[in-house]
């Protein structure tokens with residue numbers, strides 16, 4: 001192969017970003033090849049969508065497979081390139097020969113006679129080029145892959161925390177409104193309690209905002225630390241072989257920092273404060289035996305908008321689909337068309353339940369879709385070890401403590417109002433904004449819906 005052809009061939013093995021032989025090369029959808037670490041570092045802080053650094057075309061898939069053939073050729077090119085090993089620092093003082101071998105046991109560069117000495121005879125020795133390539137593949141690339149994975153996880157958690165913060169701001173504003181409406185229904189002497197309640201909500205919300213902001217700072221710092229460590233390993237990777245191997249003892253010490261615990265996301269939860277006398281007032285409208293004792297097997301499914309609010313980005317793989325585990329539902333024997341009605345349901349023994357009122361026409365269905373169309377439900381769900389409480393009309397996460405015992409439901413048909421209460425605390429869970437009812441509404445309770 002003539003020198004011009006060889007030069008062209010070698011250029012095909014060089015990344016246009018770092019201008020070095022490829023490290024773990026990948027090929028994008030637009031058929032351009034780059035080092036995976038270079039592509040990661042150029043990916044605009046890891047945000048989607050991924051764009052090609054050369055043509056700026058958006059890649060359809062965020063993850064790319066290693067170009068194995070290109071990786072092998074680049075590795076061979078690195079091992080066969082001229083080694084700058086004839087410097088005075090790389091001459092054995094004892095034998096005055098060039099150190100061309102690397103001792104795996106002692107992590108030292110050796111000349112030929114030293115490698116055959118009694119001290120090193122039993123050890124494994126490798127040529128410098130081969131040993132440096134092994135270090136790159138077995139240590140640096142694996143550590144960089146691990147650090148990038150942690151980087152991506154932390155970035156996703158940071159995005160979630162930012163989303164929670166924005167959602168919580170709106171939720172707190174909304175909760176102020178529904179608390180104010182609830183107190184307006186009560187006697188004038190409760191005004192002072194209402195103000196104390198709102199002030200406590202402000203203080204608690206301020207603490208939660210601070211916790212979320214602190215969490216964002218911690219995650220950002222953790223993210224930057226991982227990126228800095230990743231860059232250090234990337235720079236170490238590109239060191240000349242001799243410097244790299246002389247620095248190999250420090251690699252493990254630096255990468256040990258990557259094992260530090262990741263900052264965990266905050267679970268914002270507001271206290272449900274007791275509203276004096278609310279249960280006494282509601283019991284004036286109590287409906288005895290509101291729900292039938294006869295359980296009907298059914299399948300529950302959540303509409304797309306409800307699933308998105310409850311389960312976030314993972315809503316497509318979340319539970320509660322029509323082909324899932326069979327659930328059991330009970331309805332009230334009576335449908336309401338006017339007046340005020342209050343009843344209580346025990347949810348002690350179920351983590352997954354749906355409670356509220358629905359149109360009377362739905363009672364004949366065994367496949368029930370929970371949406372936001374004239375149904376008013378409180379939904380408790382458990383995914384892995386995470387519990388969530390939400391409502392469906394419109395779909396909304398409830399940032400309050402999940403009730404663990406009896407839940408009270410108050411239907412004010414004439415004023416278009418449905419509210420939920422935590423009976424053990426005498427506190428408000430949520431009150432739907434007033435609307436207009438035009439069809440009969442029937443109490444509904446479903447449990448075991450996973």
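The backbone N, Cα and C atoms fix where each Cβ goes, and this holds for glycine too.
If you check Swiss-Prot, you get these features:
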type: BINDING; residues: 92, 95, 114, 120; note: Zn(2+) binding site
type: COILED; residues: 191-218; note: coiled coil
type: DOMAIN; residues: 269-450; note: domain 'B30.2/SPRY'
type: ZN_FING; residues: 15-56; note: zinc finger
type: ZN_FING; residues: 87-128; note: zinc finger
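Cβ environment of residue 95 (Zn(2+) binding site): 111, 112, 113, 114 lie under 8 Å away, each six or more residues apart in the same chain. Neighbour counts of Cβ atoms within 10 Å were compared for the binding-site residues 92, 114, and the top value is held by 114. If you draw a 10 Å sphere around the CB of residue 120 (Zn(2+) binding site), it holds 18 other CB atoms from the protein chains shown. A Cβ distance under 8 Å defines the sequence-distant neighbours of the coiled coil (191-218), meaning residues of its chain 6+ beyond its ends; these are 158, 161-162, 164-165, 168-169, 172, 175-176, 179-180, 183, 263, 265-266, 268-271, 273, 275-276.
Annotated Zn(2+) site 92, 95, 114, 120; additional same-chain residues within 8 Å of its Cβ mean position, judged by their own Cβ, are 94, 97, 99, 110, 111, 112, 113, 115, 117. Residue counts for the zinc finger (87-128) by DSSP state, with H, G and I taken as helix and E and B as strand, are 8 helix, 11 strand, 23 coil.
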